Amino acid sequence: MEIGGGSESPDEPKKGKSKTPRKPKESILKQKSPAEFFAENKNIAGFDNPGKSLYTTVRELVENSLDSAESISELPVVEITIEEILKTKFNSMIGLVDRERVDAELYDDYETAKAREKRLAKEARAQEIQAKNASLGKKGREPAASKGMKGRGEASFYRVTCRDNGRGMPHDDIPNMFGRVLSGTKYGLKQTRGKFGLGAKMALIWSKMSTGLPIEISSSMKGQNYTSFCRLDIDIHRNIPHVHVQEKRDNKDLWHGAEIQVVIEGNWTTYRSKILYYMRQMAVITPYAQFLFKFVSDTPDKNITIRFSRRTDVMPPVPQETKHHPSAVDLLLIKRLIAETAKQSLLQFLQHEFVNLGKSYAERLIGEMGPEFCPKMSVKSLTSQQIVRIHQLFRQAKFDDPSGDCLSPAGEYNLRLGIIKELHPDMVATYSGSAQVFEGHPFIVEAGVSIGGKDVKQGLNIFRFANRIPLLFEQGADVVTRTALKRINWSSYKINQTQDKIGVFVSIVSTKIPFKGTGKEYIGDDISEIASAVKSAIQQCCIQLKSKIVKKIQAREQQERKRNLSRYIPDATNAVYNVLKEMAHVHASKKKRHDGENAEILSKVSARVITNETLRDKLAQHVEQVDHEMAMEYATQSGASAESKEEIYIQSLDATDNFTDFKSPLFVFRLVH
């Protein structure tokens, strides 16, 4: 039976349908540049969303400025400005003409007539309920403000400008310093503020992704009579800078430092508190720096200007680059050190490329490696198997711990000043531990604990710092938070964990901070050496505070005792005076005679030389005398002098003054020549 006309021969292939299988496309090997990788994984560097991107941009620029000023031992002066750019202004900056909406339904914030009617009815009901509650005198909840629908395509833009008085940059190096990812001057083994070594490069990548506008850099080094100006962006796929303008301009003021300006998409509303909190914490850990923060908007009510003044001119030493510890290296690092070393023999390589490896101990290690090793053998001739043997011995042998000389903690003096300057606590204690080691890396823990203060909530307020930068996110999993909440018995130090306003400040510095998570926002609780050092540092602060609190309680009890005694002075004097009057009357009637001193007192009572008021004054003087003696004893125990205090006046230091500093953990004595 034929359907549809005739049948096709089975040997004939059907038209339009080839039986030949398609060949799969050959896979093409591609590679990504570092800039492209970070652009696609921007959350790793803290650019999760527009709000956090604005925060991270501010943080990176501020920390770069501090590093630059400290590298030349210059007291940092950092000015950071965030300028809000409205859509109309942004469009004019990029040469885009504003257009009215033609098809409103295309937009994400379009509201249908039915949805608008429903929203207005809901708002009307809420207002009716509020009016009814007001007429009945009830306090109803404030109606939530109607949220304007914001489309996904509607963005907020900000110009972030950071200016400092640091080292500045060489004219020819500026393009590569900003336009080439993973190139810089901070990749040695030393304590650094940065987390990824990206600095302002990631802000440039975010600017390229969100606005397409280039970054502008002005820079001048000390003694230069010109300022380098550069406008550039980055070729993300090739990881090279694209320079728009690079020129030298007059530097009549002989200014030195850098000014960086970048326009990015951001969200000031959601991250305002985080940015201001970051600036406040930075002022705590760097009291020797001066910060000026400005937020500028077309709406004057939104403008903000905050100055964080300098409290001291004593700066921590500059962190020093150090060598690797044998127990902290891996195979890849050993191979890289061998490739880069200028030393010829294995003995010289071990001595000069690693810390705490003297000649005699290096010879003992070489002897332990096996007969195929000798001190004079060429280090470049080592085979892969021999390098593995060296690595295995490094992991098994014992070495002296590295010293903390290469580290640069804030110091007790600066930490205490910073806490007092920003929080104004009732009392504060600080402690700086000695250098300790984890996995071959030295670290130092400093801590401060304060009681009371302004803008401090009841309970524990935890402030975390790593290599002298604040950590604001993922606080719950951090070693400092867990230690303060779970491992410190606050009540044993006379501190009420829930009622008192407690500030806990912990700063950890190291050549390697063991961050956890992709964003490197917290230090894990799994390294016993760090957890133990944090606990010990907080406890030392609590011990200091306990003695102060006990003395304060004793002083309060003494005042209460004085108050109680003074309260009963009138009753006591009335009772004593009445008894003396009765005795004087009996003595005068010769019914019972008294002699000696008693008779003299009774005679004075009769003659009204001793009156009720006289007794009251004498008793009050006695209470004051006892209180003074107890206060003197308290002052002696506290180390205070009983001598009267004299006012002293210290003249301000001029730039020409010569002085010598004598430093201790808690104060600096300055001798002016």
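Glycine residues also receive a Cβ, built from the backbone N, Cα and C atoms like all the rest.
Listed ranges 131-152, 307-328; the one TrEMBL annotates as region 'Disordered' is 131-152. Around the Cβ of ASN64 (ATP binding site), a 10 Å sphere holds 22 further Cβ atoms from the protein chains shown. For ALA200 (ATP binding site), the same-chain residues lying six or more positions away in sequence with a CB closer than 8 A to its CB are GLU60, LEU61, ASN64, PHE178, ILE215, ILE260, VAL262. Summarising model confidence by region, the domain 'DNA topoisomerase VI subunit B transducer' (402-561) averages a pLDDT of 89. Note on LYS520 (ATP binding site): other Cβ atoms within 10 Å of its Cβ, all shown chains, come to 20.
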